[in-house]
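Listed in TrEMBL for this protein:
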- 1-31: signal peptide (SIGNAL)
- 54-376: domain 'Polysaccharide lyase 8 N-terminal alpha-helical' (DOMAIN)
- His275: active site (ACT_SITE)
- Tyr284: active site (ACT_SITE)
- Arg336: active site (ACT_SITE)
- 422-680: domain 'Polysaccharide lyase family 8 central' (DOMAIN)
- 695-758: domain 'Polysaccharide lyase family 8 C-terminal' (DOMAIN)
Amino acid sequence: MPKQLKRKSMILLMVSMLLLSFISVKNIAQANTTDAEGGQSGTMDAFDQARARWFNKLTGNEQYNPNDPDINEYLLKLTNRVTNPENKGSWDTLNKTEGRTYLWENLVSTKNSAEITSAYNNLKDMALAYSIKGSSLYQNKALKVDLISALDWMYAYRYNEQKSEYGNWWDWEIGTPKRLNDIMVLLYDELAPTQLNNYISTIDQFDPNPKVRTYNNAIKETGANLLDKIFIANLRGVIGKNDEKVTQGHDALLNEYLYVDHGDGVYKDGSLVQHFNIAYTGSYGAVWLTRTADILYLLKDSKWPLPQVDNIYNWVSDTFEPVIYKGAVMDMVNGRSISRQYENDHDKGRTIILSLLNLANAAPQEKSTLIKRLVKVWIQTDTTFPNYTAGLSIYDINLVKSLMADSTIQPRGELLKNQVLAGMDRVVHLRPGFGFGISMFSDRISAFEYGNGENSKGWYTGIGMTSLYNNDLKQFKNDFWPTVDSFRLPGTTTDGSKGVLKDWNAYYNSRTWAGGSTMDGLYGSAGMDFSLANVTGSSLQGKKSWFMFDDEIVAFGSDIKCGDNRKVETIVENRQLRDAGDNQLTVNGETKPSSLGWSEPMENVKWAHLEGNVPNSDIGYYFPESARIDGLREARTGSWRDINNGGLTTPISRNYLSLAFNHGINPQDASYSYVLLPNKSKEEVEAFSQNPNVTILSNTKNVHSVKETTLGITAANFFAPGTADIITAENPSSVMVKEEKGELSLSVSDPTQKQDKVIIDLDKTGVSVISKDDTVNVLQTFPTIKVEINVAGSIGTTHVVKFQVDELKDIERLDQVIDFGNQSGWIKNEGIYNSLDSKVNQIQKHKDDSNLVNEGVKALENQVRAQFGNMLNPVFANFLLSKTMLLESHK
């Protein structure tokens with residue numbers, strides 16, 4: 001073939017290949033279907049519709065109101081991040097020189113993956129400013145040129161199909177592709193098909209399968225990480241008009257909304273675990289919820305409906321609602337994110353609340369209304385934001401304002417609840433005016449999480465820390481974590497030791513007993529057998545319990561041991577004070593000094609009262625055993641950098657008051673008891689101390705037990721088999737008994753989560769079964785109540801059985817008690833048996849005459865006492881005496 005003809009043939013071939021490539025790319029990208037304002041031209045298919053929806057979610061263009069000051073404030077802040085008079089915006093500082101080797105001077109690393117995500121953050125801000133109506137940079141041609149040029153540079157030198165992951169996998173597989181997807185939606189009509197194809201191919205390189213970690217395929221994605229990657233696949237599929245990718249994300253959801261019984265995910269008790277062993281409802285849970293709402297929004301009314309969505313709406317009330325108090329998500333479920341300077345409890349709460357509001361718009365009407373009622377009361381009661389919508393996107397601003405203006409949505413009242421979140425070793429107790437949280441750890445849940453330089457002082461956050469939320473809404477928001485003494489957190493028993501920080505290490509408890517039980521969903525018991533050996537390396541160990549009733553929380557500790565020559569304390573309180581630090585402390589009626597620096601070992605403390613920072617935030621303390629308490633009022637200084645490598649080094653000072661039991665150095669059998677009385681006045685606390693309605697029944701190494709006389713509740717944590725009042729446990733367990741109006745309720749759980757069955761014996765007779773869980777087997781109701789509970793696989797769940805107590809039946813069945821005793825050999829003489837039987841017959845014969853019943857009971861009681869230990873077995877005699885006393889009390 002002549003060279004000239006050969007050259008022409010090659011040119012034709014190259015042109016043909018380019019044409020085919022262009023057509024292929026157009027099939028992937030399908031540009032020119034959306035105008036610059038997010039409107040549609042031509043026929044819209046399902047991909048166009050979904051992309052237009054997301055464009056509006058990002059820009060809020062359909063909701064734009066030029067007269068809304070909050071929207072204008074949002075736009076002003078957005079454009080100022082891009083360009084400002086100081087020339088410090090992302091566009092101002094963008095390196096635009098030819099042959100550039102970086103885009104921003106502070107993002108020059110090729111080793112730190114976080115800088116890739118940060119660069120795309122800057123580019124997303126620029127894309128938003130270009131795309132949003134009302135922005136001073138709306139449709140700015142110069143911005144568009146520089147923005148697209150920067151995108152091309154990032155593709156060429158930082159994030160493309162040829163790159164290998166370095167640094168944190170999250171940046172490559174979640175952080176960056178999530179932002180790049182948004183940028184492609186915002187600039188869809190401004191990008192050439194080749195550019196779209198390049199960016200989409202890069203995402204496919206680092207996220208080929210949302211179910212697995214790309215840098216290590218052995219790791220299966222779960223929870224928030226999985227949902228992030230599913231949404232990336234969904235949106236990438238929408239942008240590229242690739243049904244297979246949308247379906248790939250859709251199919252990965254099939255098991256995500258099912259309950260789990262171990263590891264990551266949502267448990268039936270409301271727990272949400274991430275990283276296998278961390279309570280993460282507030283941090284990763286927020287991502288999980290946000291991404292769920294995003295997926296529902298993106299694919300609403302599309303050909304890709306979500307599967308198994310019913311559980312999502314159940315989890316609103318079971319998983320998220322209990323750990324949110326007046327708009328704040330409790331830090332006990334925020335993991336290492338408590339150390340992040342710009343993510344406090346109310347900020348995280350607002351993120352969850354907005355996600356719930358978005359979720360409500362995709363929910364069935366009844367579910368939607370319930371969710372909106374929750375959201376409305378949280379927004380109304382969270383007064384920490386001068387303006388709740390400040391900093392929100394235009395879409396979310398409109399969403400919040402529409403809800404608050406809707407008079408048909410009535411805010412839900414305060415939630416009253418006690419919930420044991422056994423799957424993540426957390427307990428929450430909600431009452432009028434306060435919320436209370438307990439953080440525990442076990443051989444299943446780590447004491448804390450450290451990773452990426454975050455949460456470097458988290459040692460004691462999960463080993464019994466208690467968190468009291470009341471009207472002082474800024475208690476944990478006001479730079480609490482960098483300034484509080486992290487080795488003396490409220491509720492903890494501590495020796496001040498610390499261990500060795502290791503990224504993603506599991507700091508497990510070597511003991512298994514951690515959990516609790518609930519009664520009527522309103523009252524609860526919680527406890528923990530703990531050892532710090534795997535956390536700080538300390539030999540400190542002990543047993544702790546909390547019993548939560550109406551307006552009081554009883555705390556016990558026993559068997560506290562340590563042999564490391566360190567002082568051991570139990571911290572009753574470590575409360576942040578107001579700026580002056582002069583909140584009044586009253587102890588046994590005496591006002592203590594209000595100056596910072598005060599400290600005092602106080603003897604024979606019966607009660608104490610601390611003035612709150614705001615009205616309705618006072619706290620009372622009652623000490624049943626007149627304790628020695630160390631008091632300290634101090635100013636503390638720290639910085640966010642102290643607890644997080646990403647925090648500022650700026651020193652921050654805050655004031656605190658602490659109350660503590662001093663167990664001394666190397667204690668061997670120390671114990672403590674105290675009662676928290678939230679929101680009580682000084683006078684109310686003193687009155688309670690003079691006439692408490694709680695009685696300590698046991699505070700030993702094996703059993704913690706208390707009786708609340710007003711409610712008729714006896715609660716006990718059995719760390720080993722034992723007896724407390726009328727309760728005998730044959731196995732380690734948490735037990736609550738409530739007697740009220742002829743009914744007896746029994747609640748039992750296995751906090752070890754290791755046993756197959758638990759057997760409980762109650763010293764009660766004359767009952768019938770009203771209701772019971774399927775796991776409860778009633779072995780007998782006479783002469784005592786005995787039940788066997790199948791706890792295998794129940795993950796610390798509370799099992800309930802309820803009995804009807806008819807005191808008249810005690811009279812009617814006394815003869816059966818006597819016969820049973822005789823048959824069992826407990827009555828050792830036939831004459832004694834006949835005499836007892838005769839007396840019982842007389843009581844039964846005159847059961848309608850209280851005077852004659854009383855006389856008969858007295859005669860029976862006298863004979864039992866006379867034969868106690870002689871002709872009558874002592875155990876059986878005590879049982880008979882308990883029955884006669886019961887009859888007397890109900891005569």
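If you go along the chain as it appears here, the first residue is 1 and each next one adds 1.
Each residue, glycine too, has its Cβ placed from N, Cα and C.
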Pairwise Cα distance for Tyr284 (active site)/His275 (active site) [Å, integer]: 9
For His275 (active site), the number of other Cβ atoms found within 10 Å of its own Cβ: 20
Reported mean pLDDT - the domain 'Polysaccharide lyase family 8 C-terminal' (695-758): 97
Arg336 (active site): tally of other CB atoms within 10 A of its CB: 24
Other CB atoms, at most 10 A from the CB of Tyr284 (active site): 26
Rounded Cα-Cα span from His275 (active site) to Arg336 (active site), Å: 11
Conformational class of His275 (active site) under the three-state DSSP mapping: coil
